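Read through the structure below, which is laid out as structure tokens, and then see the notes.
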Amino acid sequence: MTEGDEQGHSDLRRTIKATAASPSQCSKMAENSTLFHCLKEEGISVALTHDTLDARSIMDEVRSPKAGAIVLFAGTTRDSFDSKPVLHLSYESYPPLALQTMLSIARAIRQKHSLTAITIIHRLGVVPIGEASVLIAVSAPHRQAAWKGGEEALEDVKEKVEIWKLEEFGGEEGGIWRANRDGAAGCQSG
């Protein structure tokens, strides 16, 4: 790690503490993380991390006595793409912009579907086969709003958030960088 990297990590940790609301799951996760970016406001939490995602903690983040339903979506790395074996996926983003986009999506979805709470967390860096790259949890008084809100949040995240993925195939083919969208064209890596 270079001196500039250390300074950047220090600045990010200060930013995390400034943007997280009071002592919260957001700041607790940041303290135990190698690199974590988070924005939080009442009923909404969005985050980017290099750590393994924890579905239970994300569900607990949206749990409320006002909610009769919690829906969790977990997007995982599969072992193939277009009949080619995938070694792993790797995700990169520009966190300040990606977090603001995620927050905007969460606000709109929460309001549109009258959700009690919504949490969106996306993993960055290498994500091995079978591990989660994105978790979206929503809670609502009734299941229909939770189902619709969760699905719409996923589609908006895939369509709009500034996250790019590298699909590593190994061998001579290497990998392909593409926007984190279904059907997005890619370009050969390195």
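The backbone N, Cα and C atoms fix where each Cβ goes, glycine too.
The following features are taken from TrEMBL:
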BINDING   HIS142, ARG143, LYS158, LYS165, LEU166, GLU167  substrate binding site
Packing count at ARG143 (substrate binding site) (other Cβ atoms within 10 Å of its Cβ): 12
Candidate with sparsest Cβ neighbourhood (10 Å radius) among HIS142, LYS158, LYS165, the listed binding-site residues: HIS142
